[in-house]
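Enquirer: As annotated by Swiss-Prot, GTP binding site applies to Asp16, His17, Gly18, Lys19, Ser20, Thr21, Asn128, Lys129, Ile130, Asp131. According to Swiss-Prot, the domain 'tr-type G' annotation covers 4-181.
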Amino acid sequence: MNKSKIRNFSIIAHIDHGKSTLADRILEITQTVSTRELKAQHLDSMDLEQERGITIKLNAVQIKYKDYIFHLIDTPGHVDFTYEVSRSLAASEGALLLVDATQGIEAQTLANAYLALENNLKIIPIINKIDLPSADPERIKGEIEEVIGISAKDTILISAKSGLNVEKVLEEIVDKISYPIDADDDKPLKALVFDSYFDAYRGVILLVRIFEGKIAVNDQFKFISTNKQFHVIELGVRTPTEVKKPFLESGEVGWIAASIRDAKDVSVGDTLTLVKNPTKEALPGYKKVKAVVFTGFYPIDGKDYPVLKESLEKISLSDSSITWELESSKALGFGFRVGFLGMLHMEVLQERLKREFNIDIIATAPSVEYKVYLTNNKVEIVSNPSDLPDRNYIKNIKEPFIRSFILVTEEFIGGIMELCQSKRGVYVNIEYIDKRVKIIYELPLSEIILDFFDKLKSISKGYASFDYEFIEYRDADLVKVDILLNKEKVDAFSFISHRENAYERSKELALKLKDVIPKQSFEIPIQAIIGAKVIARETIKAYRKDVTAKLYGGDVTRRQKLLKKQKEGKKRMKSIGSVEVPQEAFLSVLKSNMDKK
């Protein structure tokens, strides 16, 4: 293969700026997918992606354009999925920077553009949706130069929806993005595993970018970090369906099936090489991603525990950022402590468990990792409130802080600064960019994982965009709040809070639990306590509901239907002592401070 004819590139864009639509137009214009087969968001193969209109998993497709071969590596645009973007960029030589002509540069576009610059990628700026009446391409060009610091002189103005100027984008990819200069088939194999997914018949399928050397069917290869060895059964490229080939060579992006059955054997971001004549060094600059939000996942039916374990293993194959370990709860039995990159990431995984594996789960309140300094000079990392040691043994607790970047129009500055202050934020700076401002605050991570994003969108009428980076751990006055139901402690409802917010959050949670736990044949007190001190209390009055009371006459079948429906509902409850608790009660802990103003 002529290496000078290969172009590997990604698309960088914020949510809703038209990235998946542009990918669809490229597939259509190059006839990679016929117009008849083309559906909107073609590369977004997960149902969830199409419903939410976001890209979650990255996708890689080979495109033939004239006598060139393009490898388009699709990327997500939400802050939670930055790790997917870094993997795409590591496999590319260039990036299309796509900006909405009506919205301008958003915080996540900025973060991903900086990632591309750090990777020394050639960036091609593109302004999309120029056919909209409110489009202002000249202002957006100014933002590209001022905010990102690259020339906007050759910016391409397109409409991905109609296909206007998309052909021009293809020509720019040929002219501006470098071919894989270091590609050399004669060197030892050096390939980056940038993603993986699970196939029921063939095991784990690896997505790889070959940097040097070649790999063929029947070759023995190994992962450099673990030294685990495997045998290539089949390999090929995606167009976007799988096409088998006898070998993959340097510069190419493709897939490898090697009968890998155990999720733990695959390390996304690792370097592959051949067992015979291996490379001496791994590919540089690949950081393992770190989970920042932790929650307990428990099957509603205890019998589903092995199925939940297997499901998490399978999802881990295609999402290496998820961490999970066994944990148990007196209230909920056996489950897992699962780590995520953010709240959207967590919601997506819950949806996938339900859709792909048909498992209903209870999720406990999300938490972050705290550093707990003990009186015996030991340090413990705690992400589960139940694991927090007794107050008498704690010297101090530190919590993670982040630096947040909020891009918004000037009229919303006051409301957003007020929101940041209410979240214990520390003001850093405000930068004015044309008609918009970049507000920089340092915030405790625990304050943004629940409702910060929703409130930000609400205050700014949907116009604010948000990105953040971890900075350090800082001292904090934190307390553990326990919830008692009918005088029994429910460990799944415990949470860690800043002392000044503990009362308000406890009061709100007690009210929510009162709302969602059905009345039963005895009175149920709900109490929030710190140590032995009760800080909030609500009471559920006794009541027994007869679901068939509203029927008259002898309508036996209708009566049986209602009783069956009630029985099904009870299946979805957990007994805590003598109290039946519905799944919604656990979800209300998740959302316990969503509606605070």
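Cβ atoms are placed via backbone N, Cα and C, with glycine included.
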Enquirer: Taking the Cβ of Asn128 (GTP binding site) as centre, how many other Cβ atoms lie within 10 Å?
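Expert: Other Cβ atoms within 10 Å of Asn128 (GTP binding site): 30.
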Enquirer: Ten-angstrom check, please: count other Cβ atoms within 10 Å of the Cβ of Asp16 (GTP binding site), all chains counted.
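Expert: A count of 16.
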Enquirer: For Gly18 (GTP binding site), list the number of other Cβ atoms lying within 10 Å of its Cβ atom.
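Expert: For Gly18 (GTP binding site), the 10 Å Cβ neighbour count is 23.
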Enquirer: For each of the binding-site residues (Ser20, Ile130), count the other CB atoms lying within 10 A of its CB, then report the residue with the highest count.
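Expert: Comparing the binding-site residues Ser20, Ile130, the most crowded Cβ belongs to Ser20.
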